[in-house]
């Protein structure tokens, strides 16, 4: 098939040790298979030793000789089984680890365009966390099992023809229907499984997208939308799962019907052979069992073939990527390396469209020349694709026409890894990896020393805040750097670029984050780095680029003006001069930066004053609001603490890293309560199915007895028992599909319900829960993909097996005791040995450890940050870290596989040793005249078939063990209690919100860092419709105020009220609906622009409202210019839009919400001057009649605020309006204003 890889290709990554293991495993599996078919011959001999020995005194002697053969077979089977399982489990584990690593390596070497249009993070999660394990299943123990079964089939058929070729031919004529039904059993369920897998892949993308944007989801009360979208994907998977179960059940029922009919044919035709061809009863039994067990083994091979087919199917997708030759590959070692690179850059007649949007032309004949060692600034309105120039220089993309030249050589001729090593990039939205600060900086240079890392941090003005952290450079930054504030992330990113010591420096808003003092120091550091280097700056702030050697103004994908700052100002009507006027550069401190920009600080640079009333409201008395006088100095950092996402609730519990406890089945059954009718009907069908094996034992024992009856009774009795076998087959044909269907319905509904419950539980957890590293989005997504899916087998398959095996055991006991209670007691006394070994096997093969999710997170982070990985040529580092994270789980998996091999081999040894014991004991009772040999075989078939059924179910124990572990993990999640639960409907809602906010004696620490006080007895009052501006240094607690107001966290002490009502008494969803948040780093979802704007109104906004909101946010024009307009798909995290475009869509989303309280978190930081002015006008309009809180550092906005609060060390040091604070001699605010006035960037 076109969508499958040849099976042998799955072994492409085996090394010599694996080949040795596979050879030894193959020999062992063949030996085990030979032992298996020899047991049928031994059973025939056993029958003759009973039936043909007329003297009862000789029975024990004859039987003991055959029993000793069973013991020898048991020894051989035990050793061979151990070797088979050990070798194939070990090589499967080794090869799968290698495939995972090479798959990730292949992913990381793909060009950026591949991630733009051909894959998603959800797909990556599914491939690494699920599909690679499917391949492991296909190349591991199931191969050994298949070889064993194949050897048994071949050997069995050979033995059958040797004993009686005519009977063998007759029985073999019925094999084609068995093979046909086996094929149906494999193919149809596989098709449905493929459809279900596609639906789960979509669901995984929904989970990943929601969790990485959880603050946006919570702020906009978008939990319901996310759950509905997730549920829609699960519905498709549910339908596929039910159809898969029905197809498998019908196929197996048909298989068993033919199987029982062959038994009937054997009894009837075998009796004819005894009467006419002088066959012995033992020969008939030997031939029958050889052919039938061979046929049955063909059926037992179905799960193996199904696993092989699944491995081939998912292997096609994985190997397709592994074989894919990227157009731009960092792994290609060919290409030029210059001994002395000057750094001259030229873009010559460039024509370019993004591969994901080929219909939208970005550049048409674009040209730009940058001299070596000079600084060139690219300016223009947002959306003019200035950053695209940097992407072309980094060779993230190649132009469709034209050339990018470095030192007059086409960039395509250079070795990619080498040229990128000469280019340093600092992006507008810095990307950090879930490692320590030291490791993140070290990405800039291989094998960097501690001194070099410290020096880079010092140059980037990051050393001060790093030294204040408890772990210093070893502090973990969290997933996507979530434990760091925006300013801290930016400084770490700059230190990383400084360490790289590049020849070409690309700065994309590199200094937009820090406060005035930090920015000045940082700019000086960058100036030092820029000396004798070619530097390209992309900036919206013209004040930061005026010292550039050359400034290029880009409009409509073309350079409309070029020259130095002085030269461009000569034309008052020029594009640059117009941008200058828009930014009101000459207004001095009005356009200033007055505090550190962190994760939640605002840069509203419009130069327009807010024409609102100025008032000064004193806070409640006896609060630590104003602390003495402050000396005239810069606002130093005393607590550098992430302000939005570093803590966790004291009551919040993380996902367990490893669940050892087992979950009682009744809990899962209780979740299945709505499906009680299906479970009852399925259980009835399972009881019927389970009773058939012991009943088969009775019929066979009676049929075997007829082989030794006189000729006139032989024909009559054989026809009767053959007919009974046909009836048994019909019952199986009816009961098996019903059992499979009803349990599939119950199991698939449970999977759907558990996934929905888990997802619903997760999205309603308090924000602090997501701050913990162990609750990363990748780990949660992986848990839902693996654990929730595995639970389906526990209730669907395993519960059905439990009922069926219980019925088998009960019926077997009844039949056995009816024949001989003495022999039955002996058999039962030995059954615990089989049960013990089955349990040992179950515990041993519990599968790959859950800790593999840590490795999955590494892969997800790398793919999600592929541009940063590519820019720093960090592919090898990521692979090394991934392999390191895989080592532990791989070792654990190998150990468990070896333990499982011991358990499996021992259980096979004991099983056949028990056979020998049963027949020997039976012979003793026959000799004593207590029972007949027919009773011996009735006990044997009745009880041992029950034991075999239980043993066969224990072979599914790896899946059951994984399912139990997964269920334990899931219930641990469902049992969590979130202290801030947005799903609760309790709480007060106010009919009329005034917007009066009061912080009374609020103290707050992030519980995972209890040694750092964020807010300290803070008191703050905001009147209705008043605008409050919070200023202060990084880590001072400004963003914590906004987080506490939205109840992302609760204070440790004190209270926060809205219109006199304590926040905790209000309905949480309603409370968040009253607030509109615009963040500095906007989070958009993979969908249309229309859907992203409508998200502000929970997806129910009318078209007119969407367009109106877009117009107010100055987004309508750029949206309309796109070929798909509002239906344009923006990609994961909005990566198809520029920073400014994303910000305008985010502003539109907040405007459409019409909130009573507006929270602006650097809402216009990514906009160009013109867009910012219009957007600021829209925000001013939106602020009218609303209580507004600004976390900001632009004086142009702060001046017009009704109230300005200067926060330091979690305490309000100064408070008042602009005029009152500027008049305080040596005041902090006055110092900040003067500090800005002296800043070089002004």
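Any Cβ shown, glycine's included, is placed from N, Cα and C.
Values in this document were obtained by computation on a predicted structure and should not be read as measured data.
Per TrEMBL, transmembrane segment is recorded for 20-39 (among others).
Taken from TrEMBL, the feature domain 'ABC transmembrane type-1' covers 23-310 (among others).
For the transmembrane segment (70-91), the list of distant contacts is 14, 18, 21-22, 24-25, 27-29, 31-32, 35-36, 38-39, 42, 139-145, 147-148, 845, 894, 897-898, 900-902, 904-906, 908-913, 915-916, 919: same-chain residues at least six beyond its ends, Cβ to Cβ under 8 Å. The transmembrane segment feature in TrEMBL is assigned to 70-91 (among others).
Same-chain residues lying 6 or more positions outside the transmembrane segment (165-187) and placing a CB less than 8 Å from one of its CB atoms are 157, 247-248, 250-252, 254-255, 258-259, 261-262, 265-266, 269-270, 273, 277, 279, 284, 287-288, 290-292, 295, 298-299, 301-302, 305-306, 309. What TrEMBL records for 165-187 (among others) is transmembrane segment.
If you look at the transmembrane segment (246-269), the same-chain residues 6 or more away from its ends with a CB under 8 A from one of its CBs are 167, 170-171, 174, 177-178, 181-182, 184-186, 188-189, 192, 284, 287-288, 291-292, 295-296, 299, 692, 696, 700, 703, 706, 718-719, 721-726, 728-730, 732-741, 744. Per TrEMBL, transmembrane segment is recorded for 246-269 (among others).
If you look up TrEMBL, you'll see 345-581 (among others) marked as domain 'ABC transporter'.
Positions annotated as transmembrane segment by TrEMBL: 679-700 (among others).
Here TrEMBL flags 680-962 (among others) as domain 'ABC transmembrane type-1'.
Marked as transmembrane segment by TrEMBL: 720-745 (among others). Only residues 6 or more beyond the boundaries of the transmembrane segment (720-745), in the same chain, are considered here, and those with a CB under 8 A from a CB of the stretch are 241-242, 244-246, 248-250, 252-254, 256-261, 263-265, 267-268, 675, 678-679, 681-682, 685-686, 688-689, 692, 695-696, 699, 702-703, 706, 795-797, 799-800, 804.
The transmembrane segment annotation in TrEMBL covers 901-921 (among others).
The domain 'ABC transporter' annotation in TrEMBL covers 997-1234 (among others).
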Surrounding residues of the transmembrane segment (20-39) on its own chain - C-beta under 8 Å, 6+ positions past either end: 11, 14, 70, 73, 76-77, 80-84, 86-88, 90-91, 94, 143-145, 147-156, 159, 290, 293-294, 297, 908, 912, 915
